[in-house]
Number of protein chains: 2
Amino acid sequence: MAAASASAPGVSPRLLGGRQAQARRNDAMIRAAARDVFLSDPRAPISSVADKAGVGISALYRRYPSKEELLQTLCADGLRRHVELAEHALAPGLDPWEAFAGFLTGMVEADVHSLTVHLAGTFTPTPELRELAAQANVLTERVVEQTKAAKAVRPDLEVNDLPMLLEELSAIRVDDVERTTALRRRYLALLLDALRPGATSALPAPAPADAELGERWATS
Amino acid sequence: MAAASASAPGVSPRLLGGRQAQARRNDAMIRAAARDVFLSDPRAPISSVADKAGVGISALYRRYPSKEELLQTLCADGLRRHVELAEHALAPGLDPWEAFAGFLTGMVEADVHSLTVHLAGTFTPTPELRELAAQANVLTERVVEQTKAAKAVRPDLEVNDLPMLLEELSAIRVDDVERTTALRRRYLALLLDALRPGATSALPAPAPADAELGERWATS
DNA sequence: CGCGAACGGAATGCTCTGTTCCGCCTTTGT
DNA sequence: ACAAAGGCGGAACAGAGCATTCCGTTCGCG
């Protein structure tokens, strides 16, 4: 995944168009590379994205006028995924616990938290971003409410616990990406065991307040 | 805690010695400031330590020849605390679960993980550090073994899970330090609920291997 | 065969930091 | 009372890291 296609002269001769095809391929490579790189280090230099994508820096700047816009794009992608997952969990007919657990699982697998909250400090949010974030917030609240209403989680769990729990899980990280996912699954399972209703000890402090979560995504 | 004592001329006239007393006070201030600062950001500049301590940069460099040595000192402090806590948990006569839970609680309250693992990337470990780390490792293993032998934790918990779980907990962080501790207590309680033995789901992936933990503290 | 979109990657200018250095102030020894 | 010396504050220095710009090159297409 280092630098394969863009530099070899005769490789894969015009399977698709020519220059335009490369451009479209580069588009995808860059998106993917940016996701990978910034997922593992939100403050990574833009050159490492170019390196990972196997393209030059100009290819990057041709598409995104600045690093900030690239990050905003990635963040928006993450928020959209967040919304999707919440909507799926709210679909009628699902087992409440399965819906809730599936929501968390999806959030962890897509590393939505890293894509949104971790990136949030590194650029100024656009109105669109705020809009998406507000939407994600509302839907997430609804998911938690639905689950609590069905008594499918311990009653002392609050909405604002979720970002913190996701923060915990996204701190799990080893060099290998797939192994990281596997490990996160392990500790998510542990977490889910603790969240199931049943004889459990009382939680010793109130859940995070909105302000403590950084209110990066104020509901405004 | 900004800059109170060091700059006002007539304040607190020689309550203790004179220059030597200030030096000793600075010593403590600097240690504490460094702990606070690097705990909340392992890559913080050294000037922010000086600022937080309310002293100039020279006061710092008088004591520690370089940033690296300061970090090494802090890390050693953390490891020593780690060893203490493990030894305490191994003291005979304690309830196995209480010993284990107390160990984790102590590790979290002192933020040992941030002091050791998080700092570990930012300097080259000294032999003394390696020695301490090896000791901490061995004792921690013993704590887990003791707890598992007493069947006081779920059987699928492994020693190498602990660093990851501590990593999770040290990801909990808000601006206010005390509130951070309180929140960590909350999520530690959640975690302990999941660790207690009982009807729990199987964990879906093997625990971290030594190498995956970064083997920063190789047992050598 | 020539035009121009798309690139690669060096060059630029700026910011951030570890470390050094210099002049000042306050004890302390005589 | 005075001069030397320990401590100190903070400006100055040097170097690294990075976003962004710029220029020469490549290659498909008309």
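Glycine too: its Cβ is placed from the backbone N, Cα and C atoms.
Caution: TrEMBL annotation is automatic and unverified by curators.
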With the ranges A:41-60, A:121-140, A:141-160, A:201-220 to choose from, which does TrEMBL describe as region 'Disordered'?
A:201-220
Of the ranges A:1-20, A:81-100, A:161-180, which one does TrEMBL flag as region 'Disordered'?
A:1-20
Please work out the helix, strand and coil residue numbers for the DNA-binding region (A:45-64) from the DSSP assignment.
15 helix, 0 strand, 5 coil
